[in-house]
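Trainee: Pasting a structure below so you can have a look.
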Amino acid sequence: MKISNSLSNSSTITGFILLGFPCPREGQILLFLLFSVVYLLTLMGNGSIICAVRWDQRLHTPMYTLLANFSFLEICYVTSTVPNMLANFLSDAKVISFSGCFLQFYFFFSLGSTECFFLAIMAFDRYLAICWPLHYPTLMTGRLCTNLVVSCWVLGFLWFLIPIIITSQMSFCGSRIIDHFLCDPGPLMSLTCRKAPMVELVFSMLSPLPLIIPFLCIMCSYALVLRAVLKVPSAAGRRKAFSTCGSHLAVVSLFYGSVLVMYGSPTTEHEAGTQKIVTLFYSVVTPLLNPVIYSLRNKEMKKALEKFLGI
């Protein structure tokens, strides 16, 4: 491949080379247009939810406050990768600086961890609303909601801070070519001049925890919700209870389904293309679909969006 042969031997490279999705120039332009549209739609969709929650008094509840924060998180998450990916589609060099690579690495994984924590507290909110409906207003207060939101952001951004600082101090040798569209830890660690078993051990211990712990909390919350709903005597009551969880369950399934495929399968050279597609799904496609899921399955949100958009 041309870019591999020309840039891997260059002595003027001051960073890493993100191969992205190698294809002819026409294909790169087509991908640029496609992902530009996806990015704009993601910004518009999640931005509309934020504005609808902000301006509709009926949505000033903990559930929709969490949803608005989640939408803002999705905007940040997709922005951590797509603008650089768009620039690389139009670039022949496809170079990202060392500082830019590690900043992207940090923000991408910190925002991903924050998303896992948000999905967990949103499930906890649904548990309180369904299992403790009479006590819900006194349990899920505005103060508790704010504390949960702040905790998600702080914990998410502290989780990978030390490992990424340690990794950024390591020396990198060889071609400095990363066969990905973002700075992923797997390809990065393979480019170090010498093996760092302690750093790899820290990553292997820390990386799964923001996925596993929130996922267990989500499963426990919905197990308790299911038990409570099954005790409801009327079918209409059960449907109403399940409908309040439908959107969140769909989002959880999309995000965790693709993430588990990504990190639950072995990473080999022959699977590089598959790994890129799966990463693309949970980091770009899922943030695009989330506003659609919440607007279609939630009547209050659908009405608020129609009012905001003047439909």
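Don't overthink the numbers, they just go from 1 along the chain as shown.
Cβ coordinates come from backbone N, Cα and C, glycine included.
The annotation transmembrane segment is assigned in TrEMBL to 29-52, 64-83, 103-124, 144-166, 211-230, 242-265, 277-296. The domain 'G-protein coupled receptors family 1 profile' feature in TrEMBL is assigned to 45-294.
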Trainee: Between the stretches 103-124, 211-230, 277-296, which wins on the count of C-beta pairs under 8 angstroms to the transmembrane segment (242-265)?
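Mentor: Stretch with the highest Cβ contact count: 277-296.
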Trainee: Hey, which bits of the same chain come close to the transmembrane segment (103-124), Cβ under 8 Å, at least six residues off its ends?
Mentor: 63, 66-67, 69-70, 73-74, 76-77, 80-81, 84, 96, 148-149, 151-153, 155-157, 159-161, 164, 167, 182-185, 188, 207, 210-211, 213-215, 217-218, 221-222, 248, 251-252, 255-256, 259, 283
Trainee: Quickly jot the same-chain residues contacting the transmembrane segment (211-230) by Cβ under 8 Å, restricted to those at least six beyond its ends, or write none.
Mentor: 116-117, 119-120, 123-124, 126-127, 130-131, 238, 241-242, 245, 249, 252, 256, 259-260, 263
Trainee: Mean pLDDT for the domain 'G-protein coupled receptors family 1 profile' (45-294), as a whole number?
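Mentor: Taking every residue of the domain 'G-protein coupled receptors family 1 profile' (45-294) together, the mean pLDDT is 87.
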